[in-house]
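Here is what TrEMBL records for this protein:
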type: REPEAT; residues: 195-229; note: repeat 'PPR'
type: REPEAT; residues: 230-264; note: repeat 'PPR'
type: REPEAT; residues: 265-299; note: repeat 'PPR'
type: REPEAT; residues: 300-334; note: repeat 'PPR'
type: REPEAT; residues: 335-369; note: repeat 'PPR'
type: REPEAT; residues: 404-438; note: repeat 'PPR'
type: REPEAT; residues: 439-473; note: repeat 'PPR'
Amino acid sequence: MRILSTHLYQVLTRLAKPINSISDVRFLATASQMTALPESYVVKPPIKPWPQRLFPKRLVFMINKQQNLDLALQIFEYAGKYHPGFSHNYETYCSIISKLSRARAFEPMESLLCQLHESQLKCGENLFIDVIRNYGLSGKPFLALKTFVRIEEFKVKRSVRSLNTLLNTLVQNKRYHLVHAMFRDCRTKYGIVPNVFTYNILIKGLCEKRDLKAAVKVLDEMPSMGLIPNVVTYTTILGGYVSLGDMVNAEKVFGELFDRGWLPDATTFAILMDGYCKQGTLNDAIKVMDNMEEYSVEPNDVTYGVMIEAYCKAKKSGEACNLLDDMLDKNYIPNSALCCKVIDVLCEQDKVDDACDLWKRMLKKNCMPDNAITSTLIHWLCKEGKAWEARKLFDEFEHGSIPSLLTYNTLIAGMCEQGELNEVGKLWDDMVEKGCTPNAFTYNVLIKGFSNVGKAKEGIRILEEMLETGCSPNRLTYSVLIEGLQESEIKGEVDKIVSMAITRGGVCGSWDLFLSKVVCNLDRGMRTLDKLLKENAA
(Lines of atoms letter the chains of each structure in order from A and count residues from 1; the text may use other names and numbers.)
(Lines give C-alpha, C1' and ligand atoms only; values in the text may rest on other atoms or scores of the structure.)
Protein backbone atom coordinates (compact mmCIF):
# COMPACT_ATOMS: atom_id res chain seq x y z
CA MET A 1 0.00 0.00 0.00
CA ARG A 2 1.51 3.35 -1.07
CA ILE A 3 1.94 5.85 1.77
CA LEU A 4 1.51 9.50 0.73
CA SER A 5 3.69 12.28 2.07
CA THR A 6 1.91 14.75 4.34
CA HIS A 7 2.17 17.55 1.79
CA LEU A 8 0.99 15.38 -1.10
CA TYR A 9 -1.98 14.25 0.98
CA GLN A 10 -2.87 17.91 1.65
CA VAL A 11 -2.70 18.69 -2.06
CA LEU A 12 -5.00 15.82 -3.02
CA THR A 13 -7.43 16.67 -0.21
CA ARG A 14 -7.65 20.32 -1.25
CA LEU A 15 -8.17 19.40 -4.89
CA ALA A 16 -11.14 17.24 -3.94
CA LYS A 17 -12.95 20.16 -2.29
CA PRO A 18 -14.83 23.09 -3.86
CA ILE A 19 -12.92 26.39 -4.12
CA ASN A 20 -14.45 28.88 -1.68
CA SER A 21 -11.81 31.40 -0.69
CA ILE A 22 -8.63 33.24 -1.60
CA SER A 23 -6.52 30.74 0.31
CA ASP A 24 -7.96 27.88 -1.80
CA VAL A 25 -7.15 29.70 -5.03
CA ARG A 26 -3.60 30.58 -3.92
CA PHE A 27 -2.98 27.04 -2.69
CA LEU A 28 -4.09 25.50 -5.98
CA ALA A 29 -2.12 28.08 -7.95
CA THR A 30 1.16 26.97 -6.36
CA ALA A 31 0.43 23.31 -5.59
CA SER A 32 1.71 21.95 -8.88
CA GLN A 33 4.94 23.93 -8.56
CA MET A 34 5.58 22.65 -5.04
CA THR A 35 4.69 19.01 -5.59
CA ALA A 36 5.06 16.67 -8.54
CA LEU A 37 2.32 14.06 -8.30
CA PRO A 38 3.26 10.44 -9.08
CA GLU A 39 1.74 9.06 -12.27
CA SER A 40 -0.51 6.77 -10.23
CA TYR A 41 -2.21 9.85 -8.74
CA VAL A 42 -3.87 11.71 -11.62
CA VAL A 43 -6.06 14.73 -10.92
CA LYS A 44 -9.40 14.13 -12.61
CA PRO A 45 -11.21 16.85 -14.60
CA PRO A 46 -13.98 18.59 -12.62
CA ILE A 47 -16.56 17.82 -15.36
CA LYS A 48 -17.11 15.04 -17.88
CA PRO A 49 -16.64 14.83 -20.76
CA TRP A 50 -13.52 16.97 -20.71
CA PRO A 51 -12.31 18.00 -24.22
CA GLN A 52 -9.10 16.38 -25.45
CA ARG A 53 -8.14 19.57 -27.29
CA LEU A 54 -8.76 22.77 -25.38
CA PHE A 55 -8.60 26.31 -26.75
CA PRO A 56 -9.27 29.56 -24.82
CA LYS A 57 -12.58 30.20 -26.66
CA ARG A 58 -13.80 26.72 -25.75
CA LEU A 59 -12.86 27.28 -22.09
CA VAL A 60 -14.65 30.65 -22.03
CA PHE A 61 -17.78 28.91 -23.33
CA MET A 62 -17.50 26.19 -20.67
CA ILE A 63 -17.11 28.77 -17.89
CA ASN A 64 -19.92 31.02 -19.10
CA LYS A 65 -22.51 28.23 -19.37
CA GLN A 66 -21.65 26.83 -15.93
CA GLN A 67 -24.22 27.88 -13.32
CA ASN A 68 -22.34 26.39 -10.37
CA LEU A 69 -19.78 29.02 -9.37
CA ASP A 70 -17.46 26.60 -7.55
CA LEU A 71 -17.43 24.30 -10.56
CA ALA A 72 -16.71 27.19 -12.94
CA LEU A 73 -13.70 28.12 -10.81
CA GLN A 74 -12.49 24.52 -10.72
CA ILE A 75 -12.80 24.30 -14.52
CA PHE A 76 -10.65 27.42 -14.86
CA GLU A 77 -8.01 26.14 -12.42
CA TYR A 78 -7.88 22.63 -13.88
CA ALA A 79 -7.42 23.95 -17.42
CA GLY A 80 -4.48 26.13 -16.41
CA LYS A 81 -2.71 23.60 -14.19
CA TYR A 82 -3.39 20.19 -15.64
CA HIS A 83 -4.48 20.35 -19.29
CA PRO A 84 -1.39 19.60 -21.43
CA GLY A 85 -0.17 22.57 -23.44
CA PHE A 86 -2.95 24.94 -22.38
CA SER A 87 -2.28 28.48 -21.15
CA HIS A 88 -4.76 31.06 -19.97
CA ASN A 89 -5.11 34.32 -21.85
CA TYR A 90 -6.90 37.61 -21.08
CA GLU A 91 -10.25 36.28 -22.36
CA THR A 92 -10.25 33.26 -20.03
CA TYR A 93 -9.31 35.40 -17.03
CA CYS A 94 -11.96 37.94 -18.05
CA SER A 95 -14.70 35.30 -18.21
CA ILE A 96 -14.08 33.85 -14.74
CA ILE A 97 -13.37 37.20 -13.03
CA SER A 98 -16.51 38.77 -14.49
CA LYS A 99 -18.54 35.73 -13.42
CA LEU A 100 -17.19 35.94 -9.88
CA SER A 101 -17.79 39.69 -9.64
CA ARG A 102 -21.41 39.36 -10.84
CA ALA A 103 -21.95 36.67 -8.18
CA ARG A 104 -20.39 38.96 -5.52
CA ALA A 105 -17.62 36.39 -4.90
CA PHE A 106 -15.07 39.15 -4.44
CA GLU A 107 -12.46 37.25 -2.41
CA PRO A 108 -11.54 34.65 -5.07
CA MET A 109 -12.03 37.34 -7.74
CA GLU A 110 -9.36 39.54 -6.13
CA SER A 111 -7.01 36.57 -5.89
CA LEU A 112 -7.42 35.91 -9.63
CA LEU A 113 -6.79 39.59 -10.37
CA CYS A 114 -3.49 39.19 -8.53
CA GLN A 115 -2.70 36.14 -10.69
CA LEU A 116 -3.58 38.09 -13.81
CA HIS A 117 -1.25 40.91 -12.73
CA GLU A 118 1.61 38.46 -12.16
CA SER A 119 1.01 36.79 -15.53
CA GLN A 120 1.92 40.01 -17.40
CA LEU A 121 -0.82 39.26 -19.94
CA LYS A 122 -2.04 42.17 -22.02
CA CYS A 123 -5.39 43.24 -20.56
CA GLY A 124 -8.34 45.36 -21.63
CA GLU A 125 -10.37 47.95 -19.74
CA ASN A 126 -13.71 46.10 -19.99
CA LEU A 127 -12.74 43.68 -17.23
CA PHE A 128 -12.15 46.51 -14.75
CA ILE A 129 -15.34 48.30 -15.78
CA ASP A 130 -17.27 45.11 -14.89
CA VAL A 131 -15.56 44.86 -11.50
CA ILE A 132 -16.15 48.56 -10.68
CA ARG A 133 -19.82 48.28 -11.65
CA ASN A 134 -20.39 45.14 -9.56
CA TYR A 135 -18.61 46.58 -6.53
CA GLY A 136 -20.98 49.54 -6.85
CA LEU A 137 -24.08 47.34 -7.09
CA SER A 138 -22.90 45.54 -3.95
CA GLY A 139 -22.64 48.80 -2.00
CA LYS A 140 -18.82 48.79 -1.95
CA PRO A 141 -17.91 52.18 -3.50
CA PHE A 142 -14.45 52.37 -1.91
CA LEU A 143 -13.41 49.04 -3.42
CA ALA A 144 -14.75 50.30 -6.77
CA LEU A 145 -12.54 53.37 -6.38
CA LYS A 146 -9.55 51.18 -5.43
CA THR A 147 -10.08 49.10 -8.60
CA PHE A 148 -10.17 52.25 -10.75
CA VAL A 149 -6.94 53.56 -9.21
CA ARG A 150 -5.03 50.31 -9.80
CA ILE A 151 -6.05 49.85 -13.47
CA GLU A 152 -2.71 51.19 -14.71
CA GLU A 153 -0.85 48.57 -12.63
CA PHE A 154 -2.06 46.16 -15.32
CA LYS A 155 -0.55 48.41 -18.02
CA VAL A 156 -4.04 49.41 -19.16
CA LYS A 157 -4.72 53.05 -20.00
CA ARG A 158 -7.79 54.38 -18.23
CA SER A 159 -10.44 55.96 -20.43
CA VAL A 160 -13.50 58.08 -19.83
CA ARG A 161 -15.59 54.86 -19.84
CA SER A 162 -14.06 53.56 -16.60
CA LEU A 163 -14.27 57.05 -15.09
CA ASN A 164 -17.98 57.31 -15.93
CA THR A 165 -18.63 53.84 -14.51
CA LEU A 166 -16.91 54.84 -11.27
CA LEU A 167 -18.75 58.18 -11.03
CA ASN A 168 -22.08 56.44 -11.60
CA THR A 169 -21.20 53.94 -8.87
CA LEU A 170 -20.38 56.75 -6.44
CA VAL A 171 -23.67 58.51 -7.21
CA GLN A 172 -25.60 55.25 -6.72
CA ASN A 173 -23.99 54.92 -3.28
CA LYS A 174 -24.53 58.62 -2.41
CA ARG A 175 -20.79 59.39 -2.12
CA TYR A 176 -21.29 62.82 -3.64
CA HIS A 177 -18.08 64.34 -2.18
CA LEU A 178 -16.05 61.64 -3.97
CA VAL A 179 -17.89 62.35 -7.24
CA HIS A 180 -16.81 65.98 -7.06
CA ALA A 181 -13.22 65.05 -6.11
CA MET A 182 -12.84 62.54 -8.96
CA PHE A 183 -14.38 64.93 -11.48
CA ARG A 184 -12.09 67.75 -10.34
CA ASP A 185 -8.93 65.61 -10.64
CA CYS A 186 -9.81 63.55 -13.72
CA ARG A 187 -7.70 65.65 -16.14
CA THR A 188 -4.67 66.45 -14.00
CA LYS A 189 -4.37 63.25 -11.97
CA TYR A 190 -5.73 60.60 -14.34
CA GLY A 191 -5.29 62.21 -17.76
CA ILE A 192 -8.96 61.71 -18.68
CA VAL A 193 -10.99 64.30 -20.58
CA PRO A 194 -14.63 64.22 -19.40
CA ASN A 195 -17.40 63.89 -22.01
CA VAL A 196 -21.13 64.70 -22.03
CA PHE A 197 -21.90 61.49 -20.11
CA THR A 198 -19.44 62.51 -17.38
CA TYR A 199 -21.16 65.87 -16.97
CA ASN A 200 -24.58 64.18 -16.96
CA ILE A 201 -23.49 61.94 -14.09
CA LEU A 202 -22.10 64.93 -12.19
CA ILE A 203 -25.39 66.80 -12.69
CA LYS A 204 -27.33 63.71 -11.57
CA GLY A 205 -25.32 63.61 -8.34
CA LEU A 206 -25.92 67.32 -7.68
CA CYS A 207 -29.67 66.92 -8.32
CA GLU A 208 -29.86 63.96 -5.96
CA LYS A 209 -28.00 66.10 -3.43
CA ARG A 210 -30.74 68.69 -4.07
CA ASP A 211 -28.15 71.30 -5.08
CA LEU A 212 -29.96 72.55 -8.20
CA LYS A 213 -28.05 75.82 -8.23
CA ALA A 214 -24.75 73.95 -8.72
CA ALA A 215 -26.33 71.58 -11.26
CA VAL A 216 -27.55 74.51 -13.39
CA LYS A 217 -24.10 76.11 -13.13
CA VAL A 218 -22.51 72.92 -14.54
CA LEU A 219 -25.11 72.92 -17.33
CA ASP A 220 -24.25 76.52 -18.22
CA GLU A 221 -20.48 75.76 -18.23
CA MET A 222 -20.73 72.81 -20.63
CA PRO A 223 -20.69 74.84 -23.89
CA SER A 224 -17.48 76.60 -22.79
CA MET A 225 -15.92 73.12 -22.44
CA GLY A 226 -16.88 72.33 -26.03
CA LEU A 227 -19.74 70.07 -24.96
CA ILE A 228 -23.38 70.33 -25.99
CA PRO A 229 -25.94 69.35 -23.32
CA ASN A 230 -28.29 66.64 -24.59
CA VAL A 231 -31.81 65.41 -23.75
CA VAL A 232 -30.49 63.42 -20.77
CA THR A 233 -28.81 66.54 -19.36
CA TYR A 234 -31.99 68.62 -19.46
CA THR A 235 -34.16 65.71 -18.29
CA THR A 236 -31.91 65.26 -15.23
CA ILE A 237 -32.19 68.96 -14.33
CA LEU A 238 -35.95 68.83 -14.92
CA GLY A 239 -36.20 65.82 -12.60
CA GLY A 240 -34.25 67.71 -9.97
CA TYR A 241 -36.76 70.57 -9.98
CA VAL A 242 -39.68 68.10 -9.93
CA SER A 243 -38.24 66.40 -6.84
CA LEU A 244 -38.22 69.81 -5.12
CA GLY A 245 -41.81 70.48 -6.20
CA ASP A 246 -40.65 73.47 -8.27
CA MET A 247 -42.85 73.05 -11.34
CA VAL A 248 -42.23 76.62 -12.55
CA ASN A 249 -38.54 75.94 -13.16
CA ALA A 250 -39.33 72.42 -14.38
CA GLU A 251 -41.55 73.91 -17.11
CA LYS A 252 -38.81 76.43 -17.92
CA VAL A 253 -36.26 73.62 -18.47
CA PHE A 254 -38.81 71.67 -20.53
CA GLY A 255 -39.29 74.70 -22.80
CA GLU A 256 -35.51 75.22 -23.04
CA LEU A 257 -35.19 71.71 -24.45
CA PHE A 258 -37.24 72.74 -27.49
CA ASP A 259 -35.38 76.05 -27.75
CA ARG A 260 -32.09 74.14 -28.03
CA GLY A 261 -33.50 71.99 -30.82
CA TRP A 262 -34.00 68.81 -28.80
CA LEU A 263 -37.16 66.68 -28.76
CA PRO A 264 -38.02 65.34 -25.29
CA ASP A 265 -38.22 61.57 -25.03
CA ALA A 266 -40.87 59.50 -23.22
CA THR A 267 -38.89 59.65 -19.95
CA THR A 268 -38.78 63.46 -20.03
CA PHE A 269 -42.56 63.62 -20.50
CA ALA A 270 -43.08 61.04 -17.74
CA ILE A 271 -41.03 63.05 -15.22
CA LEU A 272 -42.96 66.24 -15.98
CA MET A 273 -46.28 64.38 -15.74
CA ASP A 274 -45.22 62.84 -12.42
CA GLY A 275 -44.45 66.32 -11.09
CA TYR A 276 -47.95 67.56 -11.94
CA CYS A 277 -49.52 64.43 -10.44
CA LYS A 278 -47.64 64.92 -7.17
CA GLN A 279 -48.86 68.54 -7.11
CA GLY A 280 -52.41 67.25 -7.51
CA THR A 281 -52.91 68.88 -10.92
CA LEU A 282 -54.00 65.81 -12.87
CA ASN A 283 -55.41 67.85 -15.76
CA ASP A 284 -51.97 69.36 -16.45
CA ALA A 285 -50.48 65.85 -16.52
CA ILE A 286 -53.17 64.74 -18.99
CA LYS A 287 -52.31 67.71 -21.26
CA VAL A 288 -48.63 66.70 -21.21
CA MET A 289 -49.56 63.14 -22.23
CA ASP A 290 -51.73 64.52 -25.04
CA ASN A 291 -48.73 66.59 -26.21
CA MET A 292 -46.72 63.38 -26.61
CA GLU A 293 -49.00 62.36 -29.46
CA GLU A 294 -48.57 65.80 -31.04
CA TYR A 295 -44.77 65.34 -31.05
CA SER A 296 -45.04 61.68 -32.19
CA VAL A 297 -43.46 60.41 -28.96
CA GLU A 298 -44.78 56.96 -28.00
CA PRO A 299 -45.57 56.41 -24.28
CA ASN A 300 -43.40 53.82 -22.54
CA ASP A 301 -44.01 51.69 -19.45
CA VAL A 302 -42.88 54.53 -17.15
CA THR A 303 -45.29 57.01 -18.77
CA TYR A 304 -48.20 54.60 -18.47
CA GLY A 305 -47.29 53.78 -14.87
CA VAL A 306 -47.26 57.45 -13.81
CA MET A 307 -50.69 58.17 -15.31
CA ILE A 308 -52.36 54.92 -14.20
CA GLU A 309 -51.20 55.51 -10.63
CA ALA A 310 -52.49 59.10 -10.80
CA TYR A 311 -55.90 57.94 -12.09
CA CYS A 312 -56.08 55.38 -9.28
CA LYS A 313 -55.29 58.05 -6.70
CA ALA A 314 -58.06 60.22 -8.17
CA LYS A 315 -60.43 57.19 -8.05
CA LYS A 316 -60.88 57.27 -11.85
CA SER A 317 -61.00 53.51 -12.32
CA GLY A 318 -62.31 53.62 -15.91
CA GLU A 319 -59.44 55.79 -17.16
CA ALA A 320 -56.91 53.65 -15.25
CA CYS A 321 -58.29 50.46 -16.86
CA ASN A 322 -58.26 51.99 -20.34
CA LEU A 323 -54.60 52.99 -20.00
CA LEU A 324 -53.70 49.58 -18.56
CA ASP A 325 -55.34 47.94 -21.60
CA ASP A 326 -53.35 50.23 -23.93
CA MET A 327 -50.22 49.26 -22.05
CA LEU A 328 -50.96 45.54 -22.48
CA ASP A 329 -51.79 46.03 -26.19
CA LYS A 330 -48.32 47.54 -26.70
CA ASN A 331 -46.74 44.55 -24.95
CA TYR A 332 -45.60 46.46 -21.89
CA ILE A 333 -45.77 44.36 -18.71
CA PRO A 334 -47.27 46.36 -15.81
CA ASN A 335 -45.64 45.73 -12.46
CA SER A 336 -47.47 43.99 -9.64
CA ALA A 337 -47.90 47.09 -7.45
CA LEU A 338 -49.54 49.01 -10.30
CA CYS A 339 -52.01 46.20 -11.06
CA CYS A 340 -52.91 45.91 -7.37
CA LYS A 341 -53.74 49.63 -7.28
CA VAL A 342 -56.05 49.32 -10.28
CA ILE A 343 -57.77 46.26 -8.77
CA ASP A 344 -58.12 48.04 -5.42
CA VAL A 345 -59.75 51.13 -6.91
CA LEU A 346 -62.14 48.99 -9.00
CA CYS A 347 -63.17 46.90 -5.99
CA GLU A 348 -63.54 49.96 -3.73
CA GLN A 349 -66.10 51.19 -6.27
CA ASP A 350 -67.96 47.86 -6.15
CA LYS A 351 -66.60 46.78 -9.54
CA VAL A 352 -65.24 43.41 -8.43
CA ASP A 353 -66.47 41.77 -11.65
CA ASP A 354 -64.53 44.35 -13.70
CA ALA A 355 -61.43 43.56 -11.64
CA CYS A 356 -61.88 39.83 -12.39
CA ASP A 357 -62.24 40.64 -16.11
CA LEU A 358 -58.99 42.62 -15.94
CA TRP A 359 -57.27 39.61 -14.32
CA LYS A 360 -58.50 37.39 -17.19
CA ARG A 361 -57.38 39.90 -19.84
CA MET A 362 -53.92 39.83 -18.33
CA LEU A 363 -53.90 36.03 -18.66
CA LYS A 364 -54.89 36.28 -22.35
CA LYS A 365 -52.01 38.70 -22.94
CA ASN A 366 -49.61 36.14 -21.40
CA CYS A 367 -49.07 38.51 -18.49
CA MET A 368 -49.27 36.04 -15.64
CA PRO A 369 -50.67 37.75 -12.52
CA ASP A 370 -48.43 37.12 -9.52
CA ASN A 371 -49.33 36.22 -5.94
CA ALA A 372 -49.78 39.84 -4.84
CA ILE A 373 -52.31 40.59 -7.62
CA THR A 374 -54.16 37.31 -7.08
CA SER A 375 -54.24 37.79 -3.30
CA THR A 376 -55.67 41.31 -3.72
CA LEU A 377 -58.47 40.03 -5.94
CA ILE A 378 -59.20 37.05 -3.67
CA HIS A 379 -59.41 39.44 -0.71
CA TRP A 380 -62.02 41.59 -2.44
CA LEU A 381 -64.03 38.62 -3.69
CA CYS A 382 -64.18 37.19 -0.18
CA LYS A 383 -65.11 40.59 1.22
CA GLU A 384 -68.02 40.64 -1.24
CA GLY A 385 -69.08 37.23 0.04
CA LYS A 386 -67.93 35.49 -3.16
CA ALA A 387 -65.60 32.97 -1.54
CA TRP A 388 -66.33 30.26 -4.12
CA GLU A 389 -65.53 32.61 -6.99
CA ALA A 390 -62.30 33.38 -5.17
CA ARG A 391 -61.63 29.63 -4.92
CA LYS A 392 -62.22 29.24 -8.66
CA LEU A 393 -59.82 32.08 -9.43
CA PHE A 394 -57.28 30.51 -7.07
CA ASP A 395 -57.51 27.20 -8.97
CA GLU A 396 -56.91 28.98 -12.30
CA PHE A 397 -53.88 30.73 -10.86
CA GLU A 398 -52.54 27.49 -9.35
CA HIS A 399 -52.40 25.85 -12.80
CA GLY A 400 -49.59 28.20 -13.87
CA SER A 401 -47.93 29.26 -10.60
CA ILE A 402 -47.23 28.16 -7.05
CA PRO A 403 -49.41 30.15 -4.62
CA SER A 404 -47.58 31.96 -1.82
CA LEU A 405 -48.45 31.85 1.88
CA LEU A 406 -50.11 35.25 1.43
CA THR A 407 -52.43 33.86 -1.26
CA TYR A 408 -53.31 30.78 0.80
CA ASN A 409 -53.90 32.90 3.92
CA THR A 410 -56.17 35.31 2.05
CA LEU A 411 -58.36 32.51 0.69
CA ILE A 412 -58.38 30.55 3.97
CA ALA A 413 -59.47 33.71 5.83
CA GLY A 414 -62.27 34.26 3.31
CA MET A 415 -63.46 30.66 3.52
CA CYS A 416 -63.41 30.78 7.32
CA GLU A 417 -65.56 33.91 7.25
CA GLN A 418 -68.08 32.00 5.12
CA GLY A 419 -67.95 29.01 7.48
CA GLU A 420 -66.60 26.71 4.73
CA LEU A 421 -64.34 24.76 7.10
CA ASN A 422 -64.30 21.57 5.00
CA GLU A 423 -62.87 23.56 2.11
CA VAL A 424 -60.40 25.20 4.49
CA GLY A 425 -59.17 21.72 5.44
CA LYS A 426 -58.52 20.90 1.76
CA LEU A 427 -56.65 24.19 1.29
CA TRP A 428 -54.60 23.50 4.41
CA ASP A 429 -53.58 20.04 3.15
CA ASP A 430 -52.76 21.47 -0.29
CA MET A 431 -50.65 24.22 1.28
CA VAL A 432 -48.62 21.83 3.46
CA GLU A 433 -48.19 19.37 0.57
CA LYS A 434 -46.65 22.16 -1.54
CA GLY A 435 -44.15 22.97 1.21
CA CYS A 436 -45.86 26.21 2.29
CA THR A 437 -45.62 26.42 6.10
CA PRO A 438 -48.59 28.00 7.95
CA ASN A 439 -47.76 31.02 10.10
CA ALA A 440 -49.48 32.60 13.14
CA PHE A 441 -51.98 34.40 10.90
CA THR A 442 -53.06 31.08 9.34
CA TYR A 443 -53.64 29.48 12.74
CA ASN A 444 -55.43 32.59 14.05
CA VAL A 445 -57.98 32.71 11.22
CA LEU A 446 -58.57 28.97 11.63
CA ILE A 447 -59.23 29.38 15.36
CA LYS A 448 -61.56 32.29 14.57
CA GLY A 449 -63.31 30.21 11.90
CA PHE A 450 -64.09 27.38 14.33
CA SER A 451 -65.26 29.88 16.96
CA ASN A 452 -67.63 31.47 14.43
CA VAL A 453 -69.42 28.14 13.89
CA GLY A 454 -69.65 27.37 17.62
CA LYS A 455 -66.67 25.00 17.79
CA ALA A 456 -64.36 27.13 19.93
CA LYS A 457 -63.02 24.03 21.74
CA GLU A 458 -61.43 22.95 18.45
CA GLY A 459 -59.33 26.10 18.80
CA ILE A 460 -57.52 24.55 21.78
CA ARG A 461 -56.48 21.60 19.61
CA ILE A 462 -55.30 24.02 16.92
CA LEU A 463 -53.26 25.97 19.51
CA GLU A 464 -51.63 22.72 20.71
CA GLU A 465 -50.78 21.76 17.12
CA MET A 466 -49.40 25.25 16.58
CA LEU A 467 -47.04 24.84 19.54
CA GLU A 468 -46.00 21.35 18.39
CA THR A 469 -44.96 22.68 14.98
CA GLY A 470 -42.84 25.40 16.58
CA CYS A 471 -45.04 28.29 15.44
CA SER A 472 -45.22 30.87 18.25
CA PRO A 473 -48.69 32.13 19.17
CA ASN A 474 -49.07 35.88 19.41
CA ARG A 475 -51.37 38.08 21.49
CA LEU A 476 -54.11 37.82 18.87
CA THR A 477 -54.00 33.99 19.00
CA TYR A 478 -54.84 33.96 22.70
CA SER A 479 -57.35 36.80 22.44
CA VAL A 480 -59.29 35.12 19.60
CA LEU A 481 -59.31 31.75 21.36
CA ILE A 482 -60.37 33.11 24.77
CA GLU A 483 -63.05 35.30 23.21
CA GLY A 484 -64.42 32.26 21.34
CA LEU A 485 -64.43 30.13 24.50
CA GLN A 486 -66.24 32.86 26.42
CA GLU A 487 -68.89 33.31 23.73
CA SER A 488 -69.41 29.54 23.67
CA GLU A 489 -69.62 29.60 27.48
CA ILE A 490 -66.79 27.10 27.82
CA LYS A 491 -65.26 29.08 30.68
CA GLY A 492 -63.61 26.07 32.27
CA GLU A 493 -60.89 26.13 29.62
CA VAL A 494 -60.25 29.89 29.84
CA ASP A 495 -58.08 29.68 32.97
CA LYS A 496 -55.83 27.18 31.21
CA ILE A 497 -55.40 29.40 28.13
CA VAL A 498 -54.79 32.58 30.17
CA SER A 499 -52.21 30.78 32.26
CA MET A 500 -50.51 29.52 29.09
CA ALA A 501 -50.49 33.06 27.68
CA ILE A 502 -48.86 34.50 30.79
CA THR A 503 -46.31 31.66 31.01
CA ARG A 504 -45.27 32.00 27.39
CA GLY A 505 -45.28 35.78 27.39
CA GLY A 506 -48.13 35.87 24.92
CA VAL A 507 -49.57 39.11 26.31
CA CYS A 508 -46.44 41.13 25.43
CA GLY A 509 -46.63 44.82 26.27
CA SER A 510 -50.43 44.89 26.69
CA TRP A 511 -50.40 42.99 30.00
CA ASP A 512 -52.84 45.22 31.91
CA LEU A 513 -55.22 45.70 28.98
CA PHE A 514 -55.21 41.99 28.14
CA LEU A 515 -55.89 40.83 31.71
CA SER A 516 -58.46 43.49 32.52
CA LYS A 517 -60.38 42.75 29.31
CA VAL A 518 -60.26 38.96 29.50
CA VAL A 519 -59.73 37.73 33.04
CA CYS A 520 -61.79 40.31 34.89
CA ASN A 521 -64.80 39.54 32.70
CA LEU A 522 -64.91 35.99 34.05
CA ASP A 523 -67.48 35.09 36.70
CA ARG A 524 -64.73 34.66 39.26
CA GLY A 525 -63.38 38.16 38.52
CA MET A 526 -60.36 39.35 40.48
CA ARG A 527 -59.99 36.16 42.46
CA THR A 528 -59.10 34.30 39.25
CA LEU A 529 -56.59 36.99 38.36
CA ASP A 530 -54.93 36.81 41.79
CA LYS A 531 -54.77 33.03 41.57
CA LEU A 532 -53.16 33.08 38.11
CA LEU A 533 -50.59 35.68 39.16
CA LYS A 534 -49.64 33.69 42.29
CA GLU A 535 -49.37 30.41 40.34
CA ASN A 536 -47.11 31.94 37.70
CA ALA A 537 -45.03 33.79 40.29
CA ALA A 538 -44.37 30.48 42.03
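Cβ atoms here come from the backbone N, Cα and C positions, even for glycine.
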Within-chain partners of the repeat 'PPR' (404-438) [C-beta distance under 8 Å, separation at least 6 from its ends]: 371-372, 374-375, 378-379, 381-383, 385, 387, 390-391, 394, 397, 445-446, 448-450, 452-453, 469, 471
Predicted model, mean pLDDT over the repeat 'PPR' (404-438): 90
Long-range neighbours of the repeat 'PPR' (195-229), counting only residues six or more past its ends (CB under 8 A): 160, 163-164, 167-168, 170-171, 174, 176, 179-180, 183, 186, 236-237, 239-241, 243-244, 246, 249, 260
Three-state composition of the repeat 'PPR' (195-229), taking helix and strand from DSSP: 26 helix, 0 strand, 9 coil
Helix, strand and coil residues within the repeat 'PPR' (439-473) as assigned by DSSP: 25 helix, 0 strand, 10 coil
